[in-house]
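Have a look at this one before I ask anything.
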Amino acid sequence: MTHPIFMVGARGCGKTTVGHQLAQALGYDFVDTDLFMQQTTNMTVADVVAQEGWHGFRQRESLALQQVASNRCIVATGGGMVLAEANRRFMHDKGIVIYLHADAELLAQRLEENPQDNQRPTLTGRPIAEEMADVLAAREALYRGAAHHVIDASQTPDAIVVSVLKALRLSAA
């Protein structure tokens, strides 16, 4: 197995944490699309959104996805990467898509516990628990539709990595 592995899911589901660990376990490279955009634009996600709006950010996000996708690479995507049908198709066709699924309450709890990880501006301006419930309601079908494997992200990062590795082994058999 050498195809890229794309991690999708809402903010706080563990894409970056699990992606790093999975890359180490597999001997793959690791790239986070948000971090890649920050490095290539010299702007934070919030700055890009402030200057170019969400539409401009989503365009940059799609370009970043195409630039970083390579064999033997784990790609942690932004939570909204699945909003563009072209991104879903690209990930599904080019690699293996892992959806890290967690409920809105757990996502909100994680984001509140680690506010430094919450670099992306709020989508709605409402409390994070309400926003995460709305985001999941709008995106759940997109995440599942793009995914080759759905993994329970309420586990510890180590347990999630084990679950992903098991799913990858089963699909390769």
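Heads up, the Cβ atoms here are built off N, Cα and C, so glycines get one too.
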In Swiss-Prot, the residues Asp34, Arg58, Arg139 are said to bind substrate. Which of Gly12, Gly79, Gly95 is said to bind at that same site?
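Of the residues offered, the record points to Gly79.
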For Gly79 (substrate binding site), list the number of other Cβ atoms lying within 10 Å of its Cβ atom.
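Excluding its own Cβ, Gly79 (substrate binding site) sees 22 Cβ atoms within 10 Å.
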Give the number of CB atoms, excluding that of Gly12 (ATP binding site) itself, located within 10 Å of its CB.
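For Gly12 (ATP binding site), the count of other Cβ atoms within 10 Å is 24.
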By a simple count, how many Cβ atoms lie within 10 Å of the Cβ of Lys15 (ATP binding site), its own Cβ left out?
29
Taking only the binding-site residues Asp32, Asp34, Arg58, which one has a CA atom nearest to the CA atom of Thr17 (ATP binding site)?
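If we rank Asp32, Asp34, Arg58 by Cα distance to Thr17 (ATP binding site), first place goes to Asp32.
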Please report the Cα separation of Gln155 (ATP binding site) and Asp32 (Mg(2+) binding site) in Å, rounded to an integer.
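Here the two Cα atoms lie 21 Å apart.
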Restricting to the binding-site residues Asp32, Asp34, Arg58, Gly79, Arg139, which ones have a CA within 10 Å of the CA of Gly12 (ATP binding site)?
Gly79
